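The structure under discussion appears below in the form of structure tokens.
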């Protein structure tokens, strides 16, 4: 082609993008394709060994124009088969394919080699991507191993022995039943507390009226104590005389019945001690141990009672010793008898004067083992 032909209608990119064989072999930025090796150099593979990676066809146009401008010449035209190859749209497609292969093989670094080696890059791209995928999969495996080592991922044993299976089958129903039983017990406790508060208010009214009447009966509590088949053994010497000054007895449970109870003995003025109120309290601590506390008795001079009375080589506890000595083995038993037997109905023991018993609609209560509501253990 001549320069007038370019001016008449030949597209600029098609004419200016062509170069002759010398330009192709000497340009560092241009790598001939496999189909144009012989057409460009005529020397086979030896003439194009060491050519660097190709660039865009469009990128060659400004370089050729700049080189021609420096030399003062017009851009050279390419003739022959090479020109046909360059002009055809197939070259553009091949250039685009080469550019796509280069972008895929960009991460895989290789030294410049032969055209065959450069062509193999596009073929190696697929295995290279597989290698990259394999490398990316390794951290996932390491994470799984770390999770398994830390106990995050555990596989259930495929075959569990019948022994472990039997234990689980026996344990789970028992746990479920126990949970249901605990729920029922909690509901019962709440209902009991509600009823206790409701009927406690009703009982309080009658107890106040009963105490008011008993205060006007001289020696009521002394008679009730002496007529009780179990408490009468403790009334010794001056105990009966001191009990004559008891005006009122109150037994109160603490906030919750299982936490203990309190005994209050009210006295009128007497020649034996100065106290008008003596309190004996049993309290259940958080550890489960039951301890007893009492008010110290302020004895008048010369009226300190004997702590123990020896009879038949046995130690017998005095009633007033029960207030001060908390280590006596019978101390807890006395508290139970007063709370569970004497206090609910003292009238039945008051009416038993000197063994004379009134006819009753029910049999007389015999001395029996009274269950301990909260397990007294003095400390």
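Placement of Cβ uses the backbone N, Cα and C atoms for every residue, glycine included.
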Range annotated as region 'Disordered' in Swiss-Prot, from 1-58, 175-232: 1-58
Among ranges 59-96, 97-134, whichever one Swiss-Prot labels region 'Disordered': 97-134
